[in-house]
Amino acid sequence: MAFASSRIGAQEAIIKPCDLCEDDEDVNWFCKDCFQNLCDRCKKMHLKIPNCRSHEVVSILEGLAITKEAVTNLCQDHNVPFSFFCRTCDENICSKCLSKKHKKHDFIDIHEFQSELHKELDTILNEKETEKEQMTKNLVTWSEFETRCEKTLRENYTNIDKRVKAITSAATEEGEKLKKYLQSKEEGQMTESKESKEKIEARKDAYNAEIQVIKQNIPLQTTSTLNQFVKTSVSRLQSLKPLSLPMPRSTTFTIGSIKKDQIRDMIGRDGDQRDASGPSKDKTKKRRKNVLEKLQIMRSHKLDVKSRCFSMCVSPDGSIWIGGMGYVFKMSSDCSTVLHQIPTGLLLWSCPYISCLQSGDAVVSYGVPSYIDRITSDGRRVEFTDRLPNYTSYIAVSDDDKVAIAVYNDSGTSSSVVLFSKEGKRLNTIETDTEISSFCIDNDGNYVISDTKHQCLTTIDGNGTVLKKTEMKESSLKRMTCDRYGNILGVNGNNVFLINYEGKVQQSFTVDREDFINDICIDKDNRLFKLVDGYKVIVAKYLE
């Protein structure tokens with residue numbers, strides 16, 4: 001049996017005998033000039049006919065492809081070849097279609113349209129080839145930086161050794177600590193550089209693979225499929241984004257002068273260390289923009305809990321603490337399992353605010369009645385403070401385990417911060433000229449307050465001294481958290497704001513209108529957690 005396609009109207013191959021003798025055996029040939037299927041016997045007779053001697057006879061498989069091409073290039077409504085492409089309807093049309101249902105549409109000659117498609121595809125291919133070449137150059141530059149880091153590290157070791165030998169024995173211990181610090185930081189940069197190189201090399205391979213696949217498939221496209229192929233190819237190519245290398249940080253080491261009251265200056269100082277004005281410029285600049293645009297939703301979980309939840313924090317071990325009406329929950333790191341459910345013994349409408357100590361224990365403040373709970377990592381309630389005279393609200397814990405609580409004054413507004421040790425001992429009260437709608441602790445241990453009274457962000461130190469105020473035209477923030485680069489993430493309703501170290505709003509975005517963000521936090525693995533509508537946790541990749 002032989003397989004051939006019907007000349008007109010057929011879309012799939014069907015069984016067809018020889019067009020001359022109607023025998024269905026040994027039908028292995030196809031005449032391109034007569035458009036006929038031929039068996040071995042009729043092929044010889046066909047080529048002996050004087051008018052058919054110059055005809056081109058090919059294999060039946062090649063003939064099948066020819067007939068398919070003829071069918072796909074024919075207008076199904078009028079049985080004539082396509083002559084134009086209708087931009088309005090995004091389809092091939094013939095001259096009869098043009099004068100009827102496509103009248104007054106935006107159309108173009110089909111051959112000109114094919115040329116445009118090829119040019120568009122060539123342009124995007126050239127752009128991606130250029131991006132691939134640029135990534136190759138960046139990898140070379142980064143390799144040079146790695147070499148420079150290694151050289152600088154060796155020089156730093158030499159300088160430190162010379163200085164340590166020249167100073168008093170009291171400074172020797174400090175010198176060794178600084179050497180270890182520099183070593184760990186340089187090793188961290190080397191690790192980061194290697195990871196960046198691996199990511200760029202992988203992305204470059206993805207570019208090359210995608211480009212090669214498209215180039216190989218271009219010749220296989222027919223007139224009818226070329227338009228859709230180009231659209232799909234352009235979309236796939238445009239989705240490829242080149243990765244850029246992170247900016248190298250300074251690795252210099254400056255020798256300090258010998259001073260009696262400053263032993264550390266006898267050792268020297270690290271050129272990338274923070275000063276009193278805030279985080280290093282390199283770190284701030286590195287993540288000043290386009291942070292929120294990199295957000296990538298990793299997963300979403302609906303909490304299988306009966307009470308509505310309002311606050312959350314991440315424990316150092318990766319587990320999640322969530323405060324709800326009448327209960328505090330400890331969830332697994334993926335939020336799929338409730339590890340502990342601890343009743344608070346309060347009215348169900350009492351909304352807790354929650355934060356976490358370095359030990360992994362949670363500290364919880366309640367507005368009614370006003371006191372602070374401590375819940376151990378294994379789910380036991382431990383007394384933290386007695387009942388407080390003023391209503392409490394927001395709670396935050398510093399890196400040295402100082403527990404900060406925002407409390408209300410007699411006029412019903414939250415304007416002061418009370419500090420406790422991790423054992424529950426009251427340390428001091430910071431009085432402020434603010435109305436606290438929320439607050440967090442930045443990377444320098446200062447308190448950043450969303451001040452509704454002055455419509456600004458107010459930063460104060462542990463003594464209550466105002467370090468700076470930055471106007472905040474957006475509505476007051478109801479929850480705030482600080483990332484490792486000194487940026488502040490604040491939320492209000494379904495709006496999220498990214499605020500840099502200087503207090504300026506860099507970016508913002510809005511989640512679905514039906515969603516309401518209750519709280520937000522970032523863990524040590526740079527994952528962003530959003531508590532939405534009181535029962536759903538959304539986990540996103542915050543930074544690459």
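Cβ coordinates come from backbone N, Cα and C, glycine included.
According to TrEMBL, the protein has these features:
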type: COILED; residues: 190-217; note: coiled coil
type: COMPBIAS; residues: 264-275; note: compositional bias 'Basic and acidic residues'
type: DOMAIN; residues: 18-60; note: domain 'B box-type'
type: DOMAIN; residues: 70-110; note: domain 'B box-type'
type: REGION; residues: 264-289; note: region 'Disordered'
Across the domain 'B box-type' (18-60), what does the pLDDT come to on average, as a whole number? 86
DSSP composition of the domain 'B box-type' (70-110), residue counts helix/strand/coil, works out to 8 helix, 11 strand, 22 coil
By DSSP, how many residues in the domain 'B box-type' (18-60) are helix, how many strand, and how many coil? 13 helix, 12 strand, 18 coil
